[in-house]
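Copied from Swiss-Prot, the annotated features are:
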TOPO_DOM  1-14  topological domain 'Cytoplasmic'
TRANSMEM  15-35  transmembrane segment
TRANSMEM  39-59  transmembrane segment
TOPO_DOM  60-78  topological domain 'Cytoplasmic'
MOTIF     75-78  motif 'Prevents secretion from ER'
């Protein structure tokens, strides 16, 4: 029996998964170029960017509306 997972949840997960992979790697190589091959600075900034993406995901998950609409009461269910 498949679970009823909203499409917006899957889209958000895919977006943040891609961001978690692409942003730190891109940041590392951009910092390598800008700071003349200093791996310590590049790695630190890359770790900072990974943490920012992770915090963004947590905030987005908490702000998501997950309340389900309760079925209306009928005379039989009372």
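Placement of Cβ uses the backbone N, Cα and C atoms for every residue, glycine included.
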Reported mean pLDDT - the topological domain 'Cytoplasmic' (60-78):
69
Can you tell me how the residues of the topological domain 'Cytoplasmic' (1-14) break down into helix, strand and coil by DSSP?
8 helix, 0 strand, 6 coil
Positions on the same chain near the topological domain 'Cytoplasmic' (1-14), where near means CB under 8 A and six or more residues out:
57, 60-61, 64
